[in-house]
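Data block below; observations after.
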Amino acid sequence: MALSIRIFLLLLVYHSVWARSALIQPGVVVEHQNRNDLFGETTCKRVNLIFARGTFEPGNMGIHVGPDLENALAHELEESSLAVQGVAYLANLEGYLDGGDAEGASLLIALVRLSLGRCPNSAVVLAGYR
């Protein structure tokens, strides 16, 4: 990648992080920022959502898209029919510039296998963004 494009991307990402930091207070846990239903549920749900949050988002679900998607699905389904699992990967600048985080991809695959192994009759929904 040309140096000028990398610098532009760094500035673009920095601006995005700076804008988000005004909305996020360190140490404040936002509702649904972390979800680990695949590890805590004893009964299978109708739908298992596995979500990979965007770059620099906190927790394993983030605070923007992940919780909103969870709430929308819970509204459309019965909330008791939905299990939600976030992907706990670094979500940092290096992974963003590399086009994705290899460890995060491996964890996502492991979570899909866990979901299918534990609950073979459940639908699996994969979602996320960069």
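All residue numbers here begin at 1 and follow the chain in the order shown.
Keep in mind that glycine also has a Cβ here, set from the backbone N, Cα and C atoms.
Positions annotated as disulfide bond by TrEMBL: C44-C119. Within 10 Å of the Cβ of C44 (disulfide bond) there are 14 other Cβ atoms, across all protein chains.
Summarising the annotation, TrEMBL assigns signal peptide to 1-19.
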**Report entry** Where C44 (disulfide bond) falls in three-state DSSP terms
**Finding:** coil
Requested in this report: Using DSSP reduced to three states, classify C119 (disulfide bond) as helix, strand or coil.
Outcome: coil
